[in-house]
Structures are given as C-alpha cells and as structure tokens.
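Undergrad: Here's the feature list from TrEMBL:
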type	residues	note
REGION	1-136	region 'Disordered'
COMPBIAS	1-10	compositional bias 'Basic and acidic residues'
COMPBIAS	44-59	compositional bias 'Basic and acidic residues'
COMPBIAS	73-84	compositional bias 'Polar residues'
DOMAIN	176-280	domain 'Ig-like'
DOMAIN	469-555	domain 'Ig-like'
DOMAIN	560-642	domain 'Ig-like'
DOMAIN	651-745	domain 'Ig-like'
DOMAIN	752-846	domain 'Fibronectin type-III'
DOMAIN	850-945	domain 'Fibronectin type-III'
DOMAIN	949-1037	domain 'Ig-like'
DOMAIN	1046-1142	domain 'Fibronectin type-III'
DOMAIN	1159-1247	domain 'Ig-like'
Amino acid sequence: MPEPTKKDDVPNGQPEESVAPDSNGAPPLPEISLEVSPPPEAVAEGKEPVETDGEKPEATEPEPIQAVVAQEPSPTENGSNQPQPGVVGVKEQAESANTTVKEEGACSPPPPDDDNAATTTPSPTPPAEETNSIKKLSIDLPNDSVPVAAMGRKDSVWSLGEGQAPEDLDKPIDTPPLSTLLIERPQSGSVSVGGDITFVAKVEAKDLLRKPTIKWFKGKWMDLASKTGKHLQLKETFDRFTKIHTFEMHIIKAKDNYAGNYRCEVTYKDKFDSCSFDLEIKEAEQGSQNIDIRSAFKRSSEGQEDAGELDFSGLLKHRNQREPKQQDDTPEVDVWEILKKARPDEYEKIAFMYGITDLRGLLKRMKKIPKEEKKSEAFSKKLEPAYQVDKGGKIRLVVDLADPTVELKWYKNGQEIRPTPNQRKYIFEHKGTQRIMIINNCTMNDDAAYAVAAGDEKCTTELFVKELPIKIVKGIEPVKTTVNERIELECEVSEEGAQVKWMKNGVEVPTGVRSRYRVKCEGTKHYLVIDDATRDDTGTYSVMATGGTSEAHVQVDLKPLKVYQDLQDITVMLGQPIKLHCEIYPGNVPGRWYRNGQLVQPNDRINIIHRNKVHRIEIESSSLHDAGDYTFVPEGYSQSLSAKIHIIDPPRVHLDSLNFPDNTVTVVAGNKLRLEIPISGEPAPRVVWMKGERVILESGHRVRAETYGDQTSLTIEVTERDDSGNYKIVLQNEAGEATASVKIKVVDIPDPPDAPLVPVVGGDWCSMTWDPPKYDGGSPILGYFIERKKKQSSRWMRLNFDLIKETLFEPKKMIEGVPYEVRIFAVNAIGVSKPSEPSKAFTPLAVTSEPTMLVVDDVTDTTVTVKWRPPETIGAAGLDGYLVEYSIEGTNDWTVSNKELTEKTKYTITGLTPGSKILVRVKAINAAGASAPRTLQHSILVKEVIEPPKIRVPRHLKQTYTRKVGETVNLVVPFLGKPRPKVTWLKEGKPIEPSHVSIRNTDCDSIIFIRKAERSHSGKYDMTVQVENHVDTAIIDIQIVDLPGPPQCVTIEDVWGGNVALVWTPPKDNGNAPITGYTIQKADKKTMEWYTCLEHYHRTCITVTELVVGNEYYFRVFSENMCGLSETATQTKKSALIVKEGLQMKNPEYSDHDFKEAPKFTQPLINTFAIAGYNTTLNCSVRANPRPKVIWMKNKIIILDDPRYRMFSNQGVCTLEIRKPSPYDGGVYTCKAINDLGEAQVDCKLEVKGGFTFFELMQRGVPLHLIDKYMNDAKVVEQEK
C-alpha cells in the first residue's frame, strides 16, 4: 500500500511500504484522508493544539490537531502516486475512522423532491478508485502553502444557500482532456451520510491578467452558484506569492441524493478547461453478517441499480428443491477474511478464484464494512497523527512500547535519524517504556513526515513548523529631494535574513538587473536605493513583512532655473528657415527640444546647437509639420521654455486636379452632385462659396458647402436646372486671399413644347406645326415624337418611331368626321420631355363636290336669279351653305354676292348694272372649306324679259274651299309673270275689306289669310294678275259652314201598340251647308234620361217601335250637317203613353251596370323587323271606358305632326304606320293610353334592316348628331348579332 509522503522526500515520488508483523504480508486497512485546519486563535496566539484522545499531554509536547475528514483522490487517477501540492499526508489507523468532524460555515445543495432517485442509483466509480481505497490525512497549515505574510488575511468569500438534487449518476464519464488552465483538478471522492467533503481546483495566474471565471455544475446543466446555502459553500482564495488561485467546493452534512457526477469549468478569455468528478455517498456502516458472499454477489448484474447490494433472493430461490448437500472434506473458506487481509490489487484475482462476478458491487460493499481495529503488538501508545511547533522552538515525539526491549528506529521522510555526539539537534530519551525524540531549534527543514519503527511495526506522524511573523522595528521615513539626486529608503525588521517586499503606490517595485531600483540588506536593516531620481519617482513607498507594513511619501521636484532670454513666438512663411534660441543659466545644463510634446531629434534639416548658455534650434526650410508648440526642457530643472512657431501659406485652389474642361461640371438634373476641390493654405483658409451674390451656407438643406482638411466641397442633394451657373470660391487666411470659379451645368430633359397648331385639315390628314420648347434642358434638341388620339379616347398612339428633326408633320390615315387631338414630345440627349398640351380638337373633313345643275332662273334689269342642285358628294363635314360669286365678263375679279352663306339652292344677285354681261359661279361650303366652283357656261345679259302672267291655281282650290266657323283660312295661290305682276282681289265684284281679310303678295304668289273665319266670309273671290297689258284671272270659291239649327216643329202623329209616329219640319238655318241627317232620341217621363233611337236619318218622319208598354215617352230631334249635330233639339210638346190592352204588367226596376274601366292593353306591341323603304305598322289593342286618349312615343319622345307617321284607333285597336322607314327610324316605340281612371303603356323594339349610308343620310338633311347616334346604334346591333 502506498504511504503518503512529502513531495521533496523521495526523488522518484515512490512511497515506502510498511507491513505489520502479523499481517501475513498484507497491507494495512485503507487509510482515511483528513484535511486539518487549525483554529485562527491558535495560530495567532501560538497556542498548541489539544489532543483528540482526551489525555492531558505534557507541557513540552504539541497536542494533535482536530482533523476534518475529506476524501483524497486516488493516486492512480492523476497518473502519479505523489500527493497533491500543498497537502501533507499522514497515516492514520482504521480505528480513527469515527473521528468527529467540525468545520466553519456549512452549506450544501438541497435534495431533490425524490430522494430515492439518487440513493438507489449509485454513482459509477472509476476502476482506479475501486481497486485502491487508500485515504490519507491532509493538514492545511499556514506555512504549508500560504506565506507568513499572507496569514490572517481574509481573501476568501463564502456564499450560503440551498442546492438542488443531483442528476442521474449512471451515465458514463469521459476522461477530460489534458488541462490547459487547471494545475490541480478536483478528484472523485466518497463520504458517509452526514459527513463533509471538499473538492479543490487550482489555477496558476502567472500568465493571466485577471482572475479566471469558474463554474461548478451538478450533472449537465445545474449551476451550483445559485444553489449555495447551509449544505454547500463555494470559496475562492489567491496566493500573491505563488500566484495561484484556489477554488473550493465544500459539501456539509451530505445526504444520499448528493451523490452523482459533478463538473468544474474554468474560462479565461479564449481559454477553457473543465474537469468531471464523482461524489459517492455511503450509507451508515453496519457490521458484517455471516452470509455467503459468493452467492450474494454471483447473481447480481454488474452496473445495474442493485450493484453492490446483497442479493438475498439468490439465496432464497429454489430452497425447497435443493438437493442434500454432499459432504465435502474441503474446509469452509471465509472470503471476507481473505479480502480484508489482501492488497487491493489482489481483489480481482480473489473474486475470480471464488466465483464472485459482481466485483464492482463487492468493492462497494467492502467500503461499507466497518474497519476492525487491530491491537498493536509493539506499541501500547503510538505517535499522534500530527504535531505543530513554532519556528525556533522544540518538539517532543513520544511513543509507549509494549516491549521495552524492542529495538527502536526513528525516520524523517523515510531517512533514518542517527544521533551524533556533537549535534544537539535531535535528542533521544528513554523513560520506562516511553521513547522520546526531542527536536531542538525547529526550522522549516524540520517540517516533514516522521516515523518510528519497532521491529516490523511502524507508526507515523507529521510535524508542522509554524513560522513566526516578521515585524518591522523601524519604519521608512518621508523623503523630499530634487531630480538627479540619490534616494535611500531604510527600514529595520525583527529578524535577520527575513524577506520583505518593497511597494510603490501599491505595486511591487521591480528589482531586476536592469531596474533603476536597488535593494540591499545589512543584518536586520533593509534598503531601497534610487541612484538618479526623476519626477516619476514621486509616490508612496511601502515595505511589507509578514508581521507588518511601513510606508512613507517620496517627493522629487525639479531644480530652479534662471532664464536670461526666453523663447519668442515667431511666424514664418512656408519654405523659409526657422531659428529659435534661448539663454539660461547655468550654461552647462543640457536640455531637450520638444515639438507638440514629441522629442525633436537633429537630422539633415534640423540642427540643434548648445553653446554655453545659448540653446538654439535651426530648421533649414520650414514645412507645415514644423508648426506647433516648441518647448526646451533643461535636464534636472523644474522650468521649461516654450514658444509657438506659426507657419503660414497663402491659400490656393487646385482646380487643375479636377480635369474638367473649362472648369465646367455637367450633371443630370435629379442626381446628387458632390464637387470636391483640393485647397491649401496655412492656417486653414476660410472658404466661402457664392453663386452670384448669394452665399452658400454649410447648414443648407439641399445645397450646402463644406470644408474639411485640405479640400472643400459643394453638395447639391437633388440638382435642379436653376442650379446651373458660375460658382465662385473665395479663400482667405492671414497670408492672403485666393478666388476661383467653377461652372456647373445642369442638363435635364427639355420642357414640353407648346400645344401644336393644326392649320390645315383634310379628309384623312392634317398639317400640324409647333415651336421648339423654351428650355432645351441644357442639351440640343435631337428631335420630336408625335402622338395622336381620338378626343373621346384616353389612349395615345405614337405616329413616328424615328425622331422628326423639323417642326412640321402631316398625320395621315385618320377617320373622317372623328375629332382628334395631337401632342408633341421633345427629345434631347438626356431623355424625353413631358408631353405638350394637346392641340385643339380637329375633325378630318373633306370639302364637298361642286354643286350640280347650275341654271339661270330669272333676269331683271338689276338682278339675276340662279338655282342649282346640291353636290353629289357632301362628306362627313356636311354642308353649311353656298357661296355665290359673279364677275363681269372680260375680267377675272370675282365678287361675292352673298356675305352670309345661303342654305337655299336659289339666289338672286342684286345691284347689277343693266345691260352688262356677267359670269356666275357657286361654291358649296362646309367645315372643311369651299368646294370646287360650279360656273355657268355662258355669260348672262342683265336685261329683264317680259313674261305673260299665269295663275297656277292649286288643285284643292279649283273646287269650293270649305272651312268651319272659327277656323283659320290661309290660301296660297302661285303665279308667273315678268316683270313682277300686279295682283288684285275682288269679292262678289267688290273690293275686299282689309280689316276682314288679309292679302299679301310676293313676286311669285299671293296669300289670302283669314285668322277666324265667319259665315260672312263665304263667297266667290276674283284674283287678277296683270303684267303691262297682259292679264290672267282666277275665281276662288270659299264656303264657311256652321252647325245647323234645330228642326222647326216635332209632333206625334199617332200611337199604337208599342209604336209612335213622329213628324217634323227642316230647320230654318242649315248652317250654310246642306242638312245631311237627323238624330231621334226618346226619354221615359219618369227618368227623363235620353236615349238615341236612330242616327243619320234623312227623312222628316219616322215610326219609333219597340216601346215599353206602360211607359210614357217624350221625343226630340237634332238636325245634322257636315259640321255636326245642332246645338239644341226640338222636343215634342206632348208625351206618348204606351198602353197595354187587357193586362197591365209592372216592369221590374234594374240598376245600370258601371262599364267604366281604366286602360288595359289586351294585345301588347311585338318587337318588329322592318325593311328600309317599305311601310311598316305597329299594332296593339286596349280596353277602357271612357274612351282613352292614345299617345305614341319613340324613344320616350312623343310623336307629333310628323308626316312620316300615321296613327289610327278603331274599336280599341291602335295602329302606328311608319312610311318608308330608314335605319334612323329604328328604336323603342311606346303606345300609351290615358283616361280619367288611369293609364297604361306597352313597348316594342323596331329594327330597320338595309339602312342608309352616311352620304344618303347627309343628302336627306339629317343632323350630324342624329347621324352619329344612328351609326353607333347600328354598330351595337351588329355586335349583339
């Protein structure tokens, strides 16, 4: 079994082995590793620790220190049998396993909710730990790893809190990679329930600028930093001498669920290191039982949850079926005893020999078996586990021998201690059975592991030598001196050869070979020497010893200086030499020149001169870098001399570097312009940008000027055409002024041209002109694009794809009669302008053809009358009128006769000279212009020709012209004759009274007009037309008729049966018209309601039959002529009683039926197709009472007095006849019937096929808007088909 030793005792790191005489060569039981920390009071007061066994020790013997149980990592895990740094191992027998453990500040992670989850799943233990359960005692003393000066300092920080449950522990643990930060890694360990354990990690900080970051984890993710409490403590310490960070994790009063895998992670900048370790929690140890461990550990599966637990089910199964055990002469073997006596490396061999397969569970179980104490045969009382003594003191190590005759040997770190006659270091004494070794004047070399061997048995201990603190007897004193002087700081300590540390402002003073600081020691006195002091040496200096600190302030000032001539500020033009000099006393003082804080070194251009008291610096040719603050600093003096050198350079504008022709910058409008112009000048000149008289500011939003460094810039965020122009740059500084000019040309798309003009319009073409745009965008106009569209449309069509250079263009292929608009685009090198405003709408129209059939109609002494026919081709422009021109024969001057166009096809030229000959021509005028003229073939002699008069009586006037009283009489009687005939009218041979009859005569007819005819206007009218001696006459018979008067007398001639005979005489007044008939009516005397018996009766006597017997009747008679019934009737004075012969019958009374009814169409109108040029009719039937008024409508417009329509209504059948319909007559027709009770209407659609062309409609005189509507309707109909 390896024995813990100090790291410097055995060179090869291999510990010695010690075997008890009665152990049969087997190593002793596993040892326990303890970490012992003495109380602070004992360390500070130098008290000796108290023994743990309760016995009162002697005054000269140091008492053992109480130990804290801690698990030590297995030596094989680290790959070495050496103990960890800073830990001293001391053997302790198994009987001390139950030692009480105490420690300050306890904390641990809290248990999880399910405690059984951790207790039933043991943590997997590395094989190296299974095969070696050696534990050692570690005593953490102040002089072990912490220097004396660091004792008593509180560098550690403890945190308290509750932890959480461990994770699953059965997962395999990968071996961590070789550490890059950790010089000591925490090792896996085990502890009993309720025990304490500490895990330590160390990081060397020599190469680190700050403290590394460490994190402790349980399982994979549980960060233990937030789980600290009464069961878990995390501690950090730093050793300033060894430069080692120590991180500790203490688990106090461990519970079952604390077992598991833990991880430690250390990070520093880009470095990272981690280490995993396991914690095993042992149950309360119980005594071993007499069981067959071969059966118990044979059936248990290795690595399962029950590994390490006794498998009693393996002993109980099939006990009834067991066969009787055969007698075996082989004696029973106690495997427990064999294992207890065997070395750990023989456990696997023994288990294999006796058939134990669960070796892992076996080892786990063996750890729980209490250790049996073996009574020592050589020693009745062994050495204490550890001793402590102050440096310079003495210590007694005492053992009691069971056999005083046994030879005793003492060892120090494995080396035997032999007494020498002349050395008083070790003294050996015998007092009865006690054997004592006294160590005098203990030094740090005596801090070692000691052992005493009695025969084959050996006991060990460790001695810890406590170093006393070094006190400062005399502290350092403050020093005040000047530069270049020697400084010596002195202090005195309590002990010779002590180590002290010198500090400046809290930082250790470097004392290397090249350091300005020297340290020397003379006995107890220590010195810090600074040979050549500077102002940087000013500060607070301190000396540190393990027992105290002393500090003092050192003040280093500069020496005073006399200045005879100071440096003077100068201003130098660029390129001129610079000379600076000063005069100081004393003259032998060297110094240094600085420019703007930088040391100036002499070179080919700079010359530094020192002659006696004068110090001079000369610069051959100045540059801008030579400007600045110059300072001359005498060495060793507190004063310095300063001056400013100001180098000036006239300002310049470097436009040549821009490479712009004529200093002109061209930019496209809308783009950003940033013009950067290099400038120079010292000091930096003030720059002003100007455009005209306007100054451009730096704070401008869109246009701004900026100056920085050696250049100035003009920025225009979004260039506009107004930004074009000359920009002036003015530079000023104290050396002068400079100006420059830059021209900026902003090019843009041109402005849109003005709206084009269309001076000439043809049938399908036009001629258009336009002016170039007012602004060409700064770039020449390359050409134009032309677009056109129909006025009612929104779609423009481009007419040319190649640019047009001229400002003239003739669009073609337009539709005649359709209004158009045109617009222009101007194009330059930048792009296409916006479109111009559209032109005024124009309609391509063609002039008409020449008028036809021009003939002379009449000639007088001063007038010529011509007539003609309309042109054969009119076109879409229609016909506005005619222009009549004439010229005197023999000349070419045509005179316009009618200033205004005439729409008639006949015109009289007036104002002519009698006897002259003229030529006449006629032009047709429309919106497109004048047509070709139609000229008479022969000239006309202006001389009147006599033509005999002739009256052309209309056909209806050749018979008697009849009109009713009150109607208007308007008779037109045409006549012929030249010169203008004289017309006279007579009635019955007498002149006509103008107040009764109006007569108006013209050159060709005479009109007789009676506004309200009366019966007195009837008669024969004689008309006479006379031209010179020629006369023509005609008679017009006019008859004015009126209603007749009633018959003169109506009498009842006879009454028989149901018959009555009536007789009457004709009326006295027949109304100036013959009597055409009579109307006879009867009325019952009771009701006196009249009923017509007979109409249009021509005789003056009648027999009324079928009269009702018993009724009494009156009769009356109306007379009738062509005007109608007489206004009144003649009634019989007597009544006629119809008497029944024999039996009288009473007639029942009946109420009359009301036949009144609102209009209702019994047969509606039907959609009809008609053929153009052939009459068509629309028919429907309506029922109503009283008789309704029937109205016909076309497209909701009432048809009135239109000769193309005839309307009939007979017995409720309504008919509309359309004479020779054209496509224009198509549409929706409505028949509407109205009476007092209501109204009704029906509709139908009429479509006329085979319509007229546009030309035919124009010839018929149809207005243009109606033609346009007709054409559109025709298109819609075609689309619907």
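One-based numbering along the chain as shown.
From the backbone N, Cα and C atoms, a Cβ is placed for every residue, glycine too.
Situate these features within the shown structure.
TA: Here the domain 'Fibronectin type-III' (752-846) is broken down by DSSP into helix, strand and coil counts: 0 helix, 35 strand, 60 coil.
Across the domain 'Fibronectin type-III' (1046-1142), the prediction's mean pLDDT works out to 91.
Broken down with DSSP, the domain 'Ig-like' (1159-1247) shows 3 helix, 58 strand, 28 coil.
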Undergrad: What stretch of 176-280, 651-745, 949-1037, 1159-1247 shows the most Cβ pairs under 8 Å to the domain 'Fibronectin type-III' (752-846)?
TA: 651-745
Undergrad: What are the DSSP helix, strand and coil residue counts for the domain 'Fibronectin type-III' (1046-1142)?
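TA: Grouping H, G, I as helix and E, B as strand yields 0 helix, 51 strand, 46 coil.
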Undergrad: When the domain 'Ig-like' (469-555) is classified with DSSP, how many of its residues are helical, how many are strand and how many are coil?
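TA: For that range the per-state counts are 3 helix, 47 strand, 37 coil.
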